[in-house]
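Each remark here refers to the structure printed beneath this line.
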């Protein structure tokens, strides 16, 4: 009975399939799916109570149907037709919702859900759309450099695996580039993989660059349609090296210096503002019309003052594009006359000159024995104190390290000169004899005594300063003596003598003895007068004190007269 019913159902299906109708109110229904996802298609039909079975099919381009899934309402069993492209990809639920896993581009079809009863067939069509997001666009085959005023391929913008195909746009510094004859050329093409049916889009940009494109970023984007609408993906930025010709030449002096002096090394560097910069130049030295071909640097070693002048450099292939700089080689000459070690006699005249020759005004400083002099030395008559080490030093303040100095070692010689002096001690018992000596080299002093007398102190010498010093001796002669002072150096031997009398000492001793005797006699008389005064005082009464005072006054006068008489006798 059941098999007969099933047979009748199949027969009924075959009879009615050509007469299938859409359920009123159902129109076209679209399901959007991303590539690789699962496509879910609801049946969108109400299941009738007398349903026999449900079935899904898709339509070929020519309109012929291909059945892919069958589900019986009674057995609840599902049968999938032998369609290779959907093998193991289909799933039909109890409510007749069809799911297709791993969505492919080939799944873009018109699918139909069919519910069959004994007397009718109901259909609900569904359009499937599959979208594949393209890969992030990438700029490839990039130019190593771009040259100004030349139309050159900048690169290719590629975006792969897109469905449907997308559109590529180029940008310069964020602004859209549009084709422009002779300046911007854009060539677009797309290719579809026959297996995956995915598109690869390629856009080639040819661009005529200018210096304004230096460090400018170029990008591209792909615009495509996805399940949720239109979207855009941007590439990474690309910056290109812009080549442009040299428009200006400059020249530098290395290392930079405020001033150049004789003996320095000079390096000239020539630069062009093009990209890439020129690697070779012509260098022109002062007074030379022919240039010297060199790299961008040219070095002069140990320059002299005659190297002062204008230095130039130019491009090799464009000599009119030239740059120049003025260089001054500073110099400083010093001449000291006389110099070195110079020996002169005391009293001589010695002219000294320090002559300066320099590239600019120089300062001059004189030093003597490391002490700065207020003015330059001048010797009309040499003295011993003029001897010493003189230095004339000059420098250019604006030029670092440019200074000169010359020295003069002056030696002032003189024969020994002697002057002797005598000084008597206040006691009169000794005499100090001083021998003053002047000369250079330092004279040696020697004493000689003729006669008898005791030497109280040995000879004593003062420091030797500015060619002068003295030697002194203290003596107490017993008789008339002669002291001889001898001074000798490499130039001459000089002798001087001084007589010292012993009588002078004796006379002074007698005078001193007489003075002592007078003092003693005066003291005795004063004691006697004091005794008489005391006796008279005791004899007289207090009432006669006035007379006593008067007598005492007379006695004082007598005492003074006697003292005066005694001094006269002495």
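In case you wondered, yes, glycine gets a Cβ from its N, Cα and C as well.
All TrEMBL annotations are machine predictions without curation.
Residues or ranges marked as compositional bias 'Basic and acidic residues' by TrEMBL: 556-570.
The residues of the domain 'Ig-like' (125-234), classed with DSSP into helix (H, G, I), strand (E, B) and coil, number 3 helix, 70 strand, 37 coil. According to TrEMBL, the domain 'Ig-like' annotation covers 125-234 (among others).
Across the domain 'Ig-like' (245-328), the DSSP tally of helix, strand and coil residues reads 3 helix, 40 strand, 41 coil. What TrEMBL records for 245-328 (among others) is domain 'Ig-like'.
For 347-409 (among others), the entry in TrEMBL reads domain 'Ig-like'. Mean model confidence for the domain 'Ig-like' (347-409) is a pLDDT of 91.
For 416-501 (among others), the entry in TrEMBL reads domain 'Ig-like'.
Residues or ranges marked as region 'Disordered' by TrEMBL: 549-570.
Per TrEMBL, the feature signal peptide maps to 1-27.
Feature annotation from TrEMBL assigns transmembrane segment to 515-537.
Across the domain 'Ig-like' (416-501), DSSP classifies residues as 0 helix, 62 strand, 24 coil. In terms of DSSP secondary structure, the domain 'Ig-like' (347-409) contains 3 helix, 31 strand, 29 coil.
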